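Copied from TrEMBL, the annotated features are:
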- 47-148: domain 'TMEM205-like' (DOMAIN)
- 50-72: transmembrane segment (TRANSMEM)
- 84-105: transmembrane segment (TRANSMEM)
- 117-137: transmembrane segment (TRANSMEM)
- 188-208: transmembrane segment (TRANSMEM)
Amino acid sequence: MAWLTRFLTAVAFFAVGVIFSPETFGSKSDDSISPILSTSIKLAHLLCFATAWGTALWVTFIGGILMFKYLPRHQFGNLQSKMFPAYFSMVGVCCAVSAAAFGYMHPWKSATTTEKYQLGFLVSAFAFNLINLFVFTPMTIEMMKHRHKVEREENIGNEIGGLKNHEVPKKNPKLAAMNKKFGMIHGLSSLINLMCFGVLAMHTWYLAGKLSL
């Protein structure tokens, strides 16, 4: 995890530098940038944003729900504990690159109000993923492992789908407390993920308005 932290820190500082001081990296205005460089930056923005949007859409509304429905609960949790750090890392990097590219093409000093809002949406999406990656995901995984241990002692956790034994927590105060705390942490993580999806959705509307079909 240490290498990932250093990498994301470097990406974050680079993105912030490009956003708030694009002239340092040669940005002046869209007209003064060479066509090849302009197209390359726009392509980077589009590909990274599309990757972030598509991944968030799949994981949040399709993949995660299907896995929850058809996998044994403990198996589902163990898979999520490996998948979500990678998910938040990839979407975070894509949002950072997308924000940096957008900020390069639309320097803050000369950007319109709409462009500043869009840049804010992209930066917010990056921040939401960092919060989930470094705050809520480690807390959720740790709590999940403790809960799995207690559930194995009670011979539950291998049910398929969302069905779970509601009687055991009533007899086991420790497990009941764990369920409550896990639900709170997981709920906050899910809320932040939905907020990230929401601000990315706002940018899709902006990009759609720029299309000429």
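Just so you know, glycine gets a Cβ as well, placed from its N, Cα and C.
Confidence over the domain 'TMEM205-like' (47-148), given as mean pLDDT on the 0 to 100 scale, stands at 94.
Across the domain 'TMEM205-like' (47-148), DSSP helix (H, G, I), strand (E, B) and coil residues number 93 helix, 1 strand, 8 coil.
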